[in-house]
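Per TrEMBL, these features apply:
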type: BINDING; residues: 66, 188, 192; note: Zn(2+) binding site
type: TRANSMEM; residues: 16-36; note: transmembrane segment
type: TRANSMEM; residues: 48-68; note: transmembrane segment
type: TRANSMEM; residues: 80-102; note: transmembrane segment
type: TRANSMEM; residues: 108-126; note: transmembrane segment
type: TRANSMEM; residues: 133-152; note: transmembrane segment
type: TRANSMEM; residues: 164-181; note: transmembrane segment
type: TRANSMEM; residues: 193-211; note: transmembrane segment
């Protein structure tokens, strides 16, 4: 079945608009977090800076990729878009690993998620268009690696915080399914909406459990 160019253009505009909203929300979240006092907690300022930067990077890369229509440039920007997903996941882990989980497996998880993120970056840069299914597996694996320190986590986080953590993970996991099933109309826009839901859930987790 041949795709309708007009329909594709509309979808891409919606994809761009959805993550432009993500850029705006990320910047607002960035400002709100950095208005708080983060002195006296080791690694907190740096880890929050990494996290906030990963949010802005992912949503900016995605917005630009979907907004651009030049095929050659779009192909290159798609690589950044996909790399941004790795960095968002690793960036979200960073303040959790270096604060809540610091007394247990925090550093181990930190090195694992960033190691996977750099592996994913290597594959996207040098094996572009290959290992797509493997990349989806890596996204999911990174997202749920936190379960290896689950006993310590539940002892050092509120039920509300745990709920936001699980909710964010569920958003991302379900979103991957929509991303993978191409035959669903507007599947990529749906994926974007789930990414927004996951990002907002984890921002609330970090703000309420680590910052506030």
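Just so it is clear, glycine is given a Cβ too, placed from its N, Cα and C backbone atoms.
The number of other Cβ atoms within 10 Å of the Cβ belonging to residue 192 (Zn(2+) binding site), over all protein chains shown, comes to 26. Comparing the binding-site residues 66, 188 by how many other C-beta atoms lie within 10 angstroms of each C-beta, the top residue is 66.
When the stretches 16-36, 48-68, 133-152, 164-181 are ranked by Cβ pairs under 8 Å to the transmembrane segment (80-102), first place goes to 48-68. When Cβ-Cβ distances below 8 Å are used as the criterion, the transmembrane segment (193-211) is approached by residues 18-19, 21-22, 25-26, 29, 32-33, 36, 38, 44, 48, 51, 55, 59, 88, 92, 95-96, 99-100, 157-158, 160-161, 164-165, 167-169, 171-172, 174-175, 178 of the same chain, each at least six residues removed from its ends.
Among residues of the same chain six or more beyond the transmembrane segment (164-181), those with a C-beta under 8 A of the stretch's C-beta atoms are 89, 92, 136, 139-140, 143-144, 146, 157, 187-188, 190-191, 193-195, 197-202, 204-205, 208. The secondary structure of residue 192 (Zn(2+) binding site), as reduced to three states from DSSP, is helical.
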